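Pasting the feature list from TrEMBL:
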{"type": "DOMAIN", "residues": "B:2-146", "note": "domain 'Aspartate/ornithine carbamoyltransferase carbamoyl-P binding'"}
{"type": "BINDING", "residues": "B:Arg54, B:Thr55, B:Arg104, B:His134, B:Gln137, B:Gly270, B:Pro271", "note": "carbamoyl phosphate binding site"}
{"type": "BINDING", "residues": "B:Lys82, B:Arg174, B:Arg229", "note": "L-aspartate binding site"}
{"type": "DOMAIN", "residues": "B:160-308", "note": "domain 'Aspartate/ornithine carbamoyltransferase Asp/Orn-binding'"}
Amino acid sequence: MRHLLSTQGIDRAAAIHLLDIAEDMADVGQREVKKLPTLRGKTVVNLFFEDSTRTRISFEAAAKRLSADVINFSAKGSSVSKGESLKDTAQTLAAMGADGVVIRHPSSGAPHVLAASGWIDAGIINAGDGTHEHPTQAFLDAFTIRRRLHGAASRGKDLDGVTVTIVGDILHSRVARSNMWLLSSLGAVVTFVAPPTLVPANPSAWPATIGYDLDAAVDADPDVIMMLRIQQERMHAAFFPNSREYSRNWGLDDARFARLRADSIVMHPGPMNRGLEISSAAADSAQSSVLEQVTNGVSVRMAALYLLLSGDREDS
Amino acid sequence: MRHLLSTQGIDRAAAIHLLDIAEDMADVGQREVKKLPTLRGKTVVNLFFEDSTRTRISFEAAAKRLSADVINFSAKGSSVSKGESLKDTAQTLAAMGADGVVIRHPSSGAPHVLAASGWIDAGIINAGDGTHEHPTQAFLDAFTIRRRLHGAASRGKDLDGVTVTIVGDILHSRVARSNMWLLSSLGAVVTFVAPPTLVPANPSAWPATIGYDLDAAVDADPDVIMMLRIQQERMHAAFFPNSREYSRNWGLDDARFARLRADSIVMHPGPMNRGLEISSAAADSAQSSVLEQVTNGVSVRMAALYLLLSGDREDS
Amino acid sequence: MRHLLSTQGIDRAAAIHLLDIAEDMADVGQREVKKLPTLRGKTVVNLFFEDSTRTRISFEAAAKRLSADVINFSAKGSSVSKGESLKDTAQTLAAMGADGVVIRHPSSGAPHVLAASGWIDAGIINAGDGTHEHPTQAFLDAFTIRRRLHGAASRGKDLDGVTVTIVGDILHSRVARSNMWLLSSLGAVVTFVAPPTLVPANPSAWPATIGYDLDAAVDADPDVIMMLRIQQERMHAAFFPNSREYSRNWGLDDARFARLRADSIVMHPGPMNRGLEISSAAADSAQSSVLEQVTNGVSVRMAALYLLLSGDREDS
């Protein structure tokens, strides 16, 4: 793997390979000394054009656990605000010897531009670009589902036939998009549930069914229900009447949670708006995998950094 | 030691134990290679909800000298400003594998909430919470006094009978509180001197005498005089007439400094307002331990991180 | 070398020595594991009173490649904004055990004050002070020129007789000043070209010729042409009519670039204002050394850190 930009079009075998390496990395996290020398002497740059402390520290922890040197580059106060282009920034990082660049950018497609440009030879990981993709989030979600279903026997497994319902702001969610592509490639059956105002105009080519009725979706008995975060800025933009209305129609409240099968998996990418898209009872239940997702995020990001930066990096 | 939240109620033997380990750490700081492998593979998160560069870099230097990986988490621009609760932040850090969390928080008691919650298994160090406590500051002060009095023979010693006068904004000072508990536990005799508006309403249970007359306190010939920093925001809040008045009544000016015994110790937690609570002559004198306090801060924080994060961590 | 504050008055042999060590460091950058254990256990503080992400991460990469611990200290949100003096900041860093301090400061001369003060024993590197000097920039430029001219046979060489034309805002440029002193010490012949409003009042003691006509300077066939960045804030300050006018008179546009000798070297310290002081054709040409300058910046900064912080540090 040369870059990790997207999960769209990803090959099932390649996806399983990354998940299996993440299993090895999770084992490292159980050791007394949680550190591998694998990426010693490599430099990973966290190039964040948007604030995201959670994602940044997850990548930072992953890189450090592999003994890489980490340099945090927040676009605020940088040359970027002096008008430096993405091209010049990328070439500068390349010239300084960056082996990997983890990029978060408000513009959809920015990581692809970087990877396709030839400006930089480093491995590029998309850590969220606009409303487009967030592939490591999808991998950590797939990893979490696989572990819940197969436990220690997860290696080599896909998600054939697993039903996953993703609820919330599908229109703006890179998490929803990346999960849809990855989960369907792994054989899962994906359903989106959203207010009609928060669904893209023409998603007919998507490998997902779209519904508007969360109660019906709950009663359809999915294996996994994934609640998306409502961004504060959406609430003021007339996509739905108000937060109480949203919660009543599209929130996983206590009543809906009680109707789920006892071994269904409740997911959320965090940070949660407790009482809005998810109730605290649901979030803190044994069915909830919210914290496993965070833990698995470090393992999955270690796997991605390993695949991109170790000697075994492929050319395609 | 499982957490270091407070010095209130601390056992004299436990306090001496930490100080003795800090002596070992100070020895490491004298070596050619000032680094121990002790915490290799451990992750320390500096979780700062308030800016404090001095305290943050002291902990960062301490953790790195023990070979821990350090992740700085400033609450600005983080999920916290997106409404994430302390609970979710703590659980997220736990899930990412944080072994230690150094927390600075504007709310008194926040570190205790964190430690008592069960949200996170990591060792918690209170790096200052509201007007409540700042225990590592008290330990570095005690360490500094002990070293001044006993030099190379400090190990195992307490501060029995040492007289310490702490001057300034007692009402809002976590440094004053933490020092009072720790120093009195070690056997020292603590006196507070403050403007009447800057003393708590009912401190009768405190192991300290309260006075309002700095000249009398100076003439009482204390072994140690510790000047607290006046926060700029207090000056605009009518606690005292103005900074000249404060300096005249409660500042260690040149005249008062000259009346101190030549082997008394002049302390300040820094950063100093020179000419306000302390004159430059006092601050830069041989009696001043201001810079030793900074140096000792790294040793004491190494000791605390060692006690909390090494294999020897206790369960209580 | 005890500090690296300035290139003014630098000895030719000392300059060549630093450049030769940078050659060794550049070789390390070609290895599979780009890391030396040389500064293990040393602490380098990046003390930045002005934002400069590019310079900060170049020093950070250099220090980490030498295995030093790096602590970033941005003056924003620090005690400095609480009124702490440079003296107290310096003494605090010294007391914490900083072995090297990389300082960027808006006031010309601040690094010299620090070094001359006795407040701190650490090696000081000036990473840009006001309109005064930026010595590592000059060294990376000299290194780049030497490598372009002599390739693998660069070690030991000076720049005798090399003609260097530096174009732009000479009045405010620390890059121009540091380059002038270093390049002339190495034997190069320096010419400045600038709008009359952007030349200092009385530079007669400078080892450089001053002109105002870029076309004449281009036709004089220099070995090196170095374009300086125009700061946005200058554009609003009536030093020249407007950016189009600047570009037409003092920019390296396509027409002027075409008139340069094919083996002349085009330099820019970055970040570039493409289309203003330099055209994209010039910036991205084979003659351009812009990215080599960035790469060489890491090598030169490794050399400076090595000279200041390793056991071989000299006393003068």
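Backbone N, Cα and C atoms are what each Cβ position is placed from, and that goes for glycine too.
Since this is a predicted model, take the numbers as computed values, not measurements.
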Provide the list of binding-site residues among B:Arg54, B:His134, B:Gln137, B:Gly270, B:Pro271 whose C-beta sits under 8 Å from chain C at the C-beta level, in sequence order; use 'none' for an empty result.
B:Arg54, B:Gly270, B:Pro271
Pop the Cα-Cα gap between B:Arg174 (L-aspartate binding site) and B:Thr55 (carbamoyl phosphate binding site) into the table, whole Å please.
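It is 14 Å, counting Cα to Cα.
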Other than B:Arg54, B:Thr55, B:Arg104, B:His134, B:Gln137, B:Gly270, B:Pro271 themselves, what residues in this chain have Cβ atoms within 8 Å of the centroid of the carbamoyl phosphate site's Cβ atoms?
B:Ser52, B:Ser58, B:Ala127, B:Gly128, B:Pro269
What's the CA to CA span in angstrom from B:Arg104 (carbamoyl phosphate binding site) over to B:Arg174 (L-aspartate binding site)?
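One finds 12 Å between the Cα atoms of these residues.
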Of B:Arg54, B:His134, B:Gln137, which binding-site residues are close to B:Arg229 (L-aspartate binding site), meaning a Cα within 10 Å of its Cα?
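Matched binding-site residues: none.
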Taking just the CA atoms, what is the gap between B:Gln137 (carbamoyl phosphate binding site) and B:Arg174 (L-aspartate binding site) in Å?
9
Based on DSSP, tally up the residues of the domain 'Aspartate/ornithine carbamoyltransferase Asp/Orn-binding' (B:160-308) by helix, strand and coil.
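Counts, helix then strand then coil: 62 helix, 24 strand, 63 coil.
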Could you tally the C-beta atoms, other than its own, that fall within 10 angstroms of the C-beta of B:Pro271 (carbamoyl phosphate binding site)?
20
Taking B:Arg54, B:Thr55, B:Arg104, B:His134, B:Gln137, B:Gly270, B:Pro271 as the record's carbamoyl phosphate-binding set, what's the max Cα pairwise distance in Å, rounded to a whole number?
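Per the listed residues, the maximum Cα distance equals 17 Å.
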Out of B:Arg54, B:His134, B:Gly270, B:Pro271, which of these binding-site residues is nearest B:Arg174 (L-aspartate binding site) by C-alpha distance?
B:His134
Are there any residues at least 6 positions away along the chain from B:His134 (carbamoyl phosphate binding site) with a Cβ closer than 8 Å to its Cβ? List them or say none.
B:Asn126, B:Ala127, B:Gly128, B:Arg174, B:Val175, B:Arg177, B:Ser178
Grab the pLDDT values for the domain 'Aspartate/ornithine carbamoyltransferase carbamoyl-P binding' (B:2-146) and give me their mean, rounded.
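Computed over the domain 'Aspartate/ornithine carbamoyltransferase carbamoyl-P binding' (B:2-146), the mean pLDDT is 92 on the 0 to 100 scale.
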If you count other CB atoms within 10 A of each CB, which of B:Thr55, B:Gln137 wins among these binding-site residues?
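Buried the deepest by this measure is B:Gln137.
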Sequence gap of 6 or more, C-beta under 8 Å: which same-chain residues meet both conditions with respect to B:Arg54 (carbamoyl phosphate binding site)?
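B:Arg54 (carbamoyl phosphate binding site) has long-range Cβ partners B:Gly270, B:Pro271, B:Val294.
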Need the DSSP three-state call for B:Arg104 (carbamoyl phosphate binding site) to compare against my parser.
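Note: B:Arg104 (carbamoyl phosphate binding site) is in a strand by DSSP.
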These are the binding-site residues: B:Arg104, B:Arg174. Which one scores highest on other Cβ atoms within 10 Å?
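Neighbour-count leader: B:Arg104.
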Tell me, how many other CB atoms lie within 10 A of the CB of B:Arg229 (L-aspartate binding site), whichever protein chain they belong to?
21
Determine the Cβ neighbour count for B:Gly270 (carbamoyl phosphate binding site): the number of other Cβ atoms within 10 Å of its Cβ.
20
What counts of helix, strand and coil residues does DSSP assign across the domain 'Aspartate/ornithine carbamoyltransferase carbamoyl-P binding' (B:2-146)?
64 helix, 27 strand, 54 coil
